[in-house]
Structure formats: structure tokens, C-alpha cells
């Protein structure tokens, strides 16, 4: 059967039974849709009757909110799908507006409409499919060539799961009030509320948080998006999507799921954000991790003469397929870890480089573990050009940079044997931009020339892939000599610790060295592949092997034969 880029799944089974049926339904849908899957909840709708069914309100209860959580949890097993539960017809007890009084536009118009509704004979019965298509197009903007499919998932026994009438989903949404509530208790609606987060690489746990907030809000939802100082403590912050990109993805998702709301997306620059200062807000949705932060917001509000917000706590979604060193919850940190070793942007064509030689530039801040990665690549078959080694050749007496450097910085930078004391020279230039530029204007062109000569040596030895290991690769402009830039990143605090331990410098001297270099963020912005040595050695090895294997797949055969 054809695979569609976008689809609409209309769920008609009563909630009490639907929860147990979700896994096979999602599996069936994932075989037909390969990108965006919208979900419309209409329990009890009959597509087999004489009358054309119409959209009707679904009472927002805690059971419905729990179901939303369970659906997104199940969707996490199908990572190729961008699942979006549509909320226009899910309404709180305080507001019953006309449901879908006009056709709702969707960012990705469905090409196919699917349903769990089944005919008695298990066929693709045309009148039912026609009713389904009419229902879908009366509610949402769909593709003109809309197809329809009645799903018949394998439920094991072939029968609906039998559950006692009081069998309810476990609670995943908790109001801050200690008062016990029934899962079928209606949810209160509020005029304005707030939710906050980093929202990097929007995932299903984010979608639960945002969806609950959208159900509770009747007029406006304020969304705080973490930026600047609040990002510094994040794992692999260099791989965070830019603020504008995160806001763009958030906006599309929010407008898709509940266009009747007004959304205000603002930078979150401190732990309180708008929730701490806006007197018109009534509720705040938090996760288990941020619940204490929500309590702190309420204390801050009380201290400043504002009413407390109603807090709604969402349980964390368990990541059922997390890897080693990843969190056991669905998180953006794990998504960023999975990017390590992947190609982030296309390689560069370098026709001026030696024919038949593919060149990687390996860089990273001091202490990043770049040289250990170079050794791992060497073990896999790469020819390594060590820029530090070339620098030693350039600085050596009689070397191409020796005399110009001595003339520029004086003979007091020399050892008694006439060799350049690089520690003394380094103390002159680190932290002094003018002196550093004088040195680099001399040395960088010399090392670049030596590197090109080494490329010719690699070709003569029959090598087809070489790596230029250079901390200053991008500062020196040597990216023009490579097809791909690979960057090794670690937190600056870890880099300082390693430099102090390795080189015997003070923390201040180590920080000064790092400040004279491009930041990890600046390096990543110009990189094709990113790696990290933050974890155990075997984790680094797995990353490097992953990156190497992906490289082999995208290399032309001419570059693969002699390594």
C-alpha cells in the first residue's frame, strides 16, 4: 500500500477500551504515514449509520488528559512520526464553543484519513470510507486527492479488550491541590495560563506539556522559551536549536492543535519569567522536574502581592529505547546526544585539493580530546596530519617560521640552545590580540603550506582519506582545505579542568587560553559533524565508529578503496 507523507487518524473507540488498543493502532498508522500524523478524538462516533456524522464536543476530563499522555508515549516508539493530537473539539466544562464551525487549516494537509472504526465483515466498505472522507474534509483542510483507509490492527485475540467499567488509565496529570479527583472529573478551564521550557527539537514529552496547557487555556497561552543564561547548564548546548528556530516549530505545532487560542511566545531569561510577574495569569503547567520551580514561582508571586497560580504537574515520559548514557526519560538532551556523529550539513566540494583525496578538518577547543579522536580515526584507517607537529617543524631552527618569529618577538623567547621556547612565546600572545595576530600572520600560512605538502605525501602513500588535526582550523581559515569540518565539544568547565591537569596551568591561565579561541558554539556553527569526549572512552569510540561508518556510506567509492 502507498505511503503518505501526512495523515489524519480519527479515533472512534470509547476511551475505556481505546487505551489498550492504542499500540497496534499506532503501529498500523505508522506503516501508512511517514511524517505527520494528526489525531482527532471522537469516541463513540458511528461511521456506519445512515446519517453523516458531525464533529461534536468531547468533554475535557482528567481521563482525556491522561489519554493524551498515553498516546504521545506510544507515539515515541515511532520516531519517524510527528504526531499531533488536535484539540479544537476537546473542551472544558467552563466553555462549550461551536466545534469546528469552519474548516480548520493544518500545516501539513492530510493525504490520507485513517480510522479505528471497523465494519462487521472487516472490509474497506465504500460507504463507510465516503462518510469518513466527508467527515475529515468538513473538519480540516485535506489534500484534494484524499485517500481513506479503515485500519484493522492485530489486537491479538481479534476482539476488543474486555475491561471492567471502572478500569481507568493511571493518572499522569496532577493538579497541585491535594484533593482527590476522579479520572472522569471534568477539567476546569482558565482564561490565561503559562508553560515554559527549552523546547529544543520538539518531542512527545513537550507535546504533552503543551497539549495540557492548551486544553486548560480558553483565551491565551503564554509560552516561555528558555534562552541565553538558562541554556548554559544544558547538555551539549552547542547543538541546541537557535531560539528563532525553536519558536518557529513551537508556533506551527500550537496553531495546528488549537488555533482558537492566542499564543504569546516570549524569551525565558530567568527562572520566573512571565509566570512570576503577570497578574492576569491563572495557571502554570510544569513537569515532575520543574514542579519545585513552579512552587518557587508561586512564592515569588505571593511576595510581590500577586495571587498564586494553579499548578498542573505532568509526569515524565519514559524513553523506552534510550541508549547508554542517555536519560531514561524522553528528553532533548538524549536527542542531542543522538546527533553526535551525524552529518549536520552537506560536505564542501574542493576541486583544488589533490585528486582522489578526501580531507577532514578535526578541531575543538583546548582540552576537548580532539587528539584522542584523531588517534581513533587513525586506527580506522585515516592518514593524520598533525598541525602541532607541523608547528614544531615551522618553529624549529632553520624552519620556515623560525626567523620571522624571532625577529617579531625578540631573542628572549629562545632557549639557550637557540630553539623557540613556546611556553614563553605563548605567555606573550595569549590574552593579547595584537601580539597573537602578529604571530598567526607569520605561522598560519606556513603551516597551511606544510599541510598541503603532507596531503601530497598521503596521496603518494596510496591514502584516500586524511584528517588535519588542528585546534585553530577555523580561526586560520583552513576550512578551505577540507571537505568536512569535524568538531569535538566538551563543557568549558571540563576543558579548564583538563588543561590544568595536563599542562600544569592555573585555572585563570586555562580560561585565558580558551577565551583566545573560538567558542564551541562558534565551531559547531561551521561544522559538518560534531563529536564529544565527555563520557567514558568506549562511548567516544562508539561515536567515532558511528561517524566513520556514516562517512564511508556517503563517500564516493574512489575515496574508500585504499584506507
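Any Cβ shown, glycine's included, is placed from N, Cα and C.
Record features, source Swiss-Prot:
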- 364, 365, 366, 367, 368, 369, 370, 371: ATP binding site (BINDING)
- 359-562: domain 'DPCK' (DOMAIN)
- 177: phosphoserine (MOD_RES)
- 182: phosphoserine (MOD_RES)
- 461: N6-succinyllysine (MOD_RES)
- 179-357: region 'Phosphopantetheine adenylyltransferase' (REGION)
Rounded to the nearest Å, what's the C-alpha distance separating residue 461 (N6-succinyllysine) and residue 371 (ATP binding site)? Just drop the number here, would you?
22
Pick the one among the binding-site residues 364, 369 whose Cβ has the fewest other Cβ atoms within 10 Å in this structure.
369
List of residues, in chain order, with Cβ under 8 A from that of residue 370 (ATP binding site) and at least 6 apart:
362, 363, 364, 469, 471, 488
Inter-residue Cα distance where the pair is residue 182 (phosphoserine) and residue 367 (ATP binding site), in Å:
55
ATP site, defined by 364, 365, 366, 367, 368, 369, 370, 371: further same-chain residues with Cβ within 8 Å of the Cβ centre:
471, 488, 490, 495, 498, 533
Counting only other Cβ atoms and using a 10 Å cut-off, which of the binding-site residues 367, 371 scores lowest?
371
In this structure, which of the recorded positions 182, 368 has the fewest other Cβ atoms within 10 Å of its Cβ?
182
How big is the Cα-to-Cα gap, in Å, between residue 371 (ATP binding site) and residue 182 (phosphoserine)?
59
Cα of residue 182 (phosphoserine) to Cα of residue 365 (ATP binding site): how many Å, rounded?
55
Average model confidence [pLDDT] within the region 'Phosphopantetheine adenylyltransferase' (179-357):
94
Only counting partners 6 or more residues apart, tell me which same-chain residues put their Cβ under 8 Å from the Cβ of residue 366 (ATP binding site).
471, 495, 499, 510, 513, 514, 517
Going along the chain, which residues six or more apart from residue 365 (ATP binding site) have their CB under 8 A from its CB?
471, 489, 490, 492, 495, 514, 517, 518, 519, 520, 523
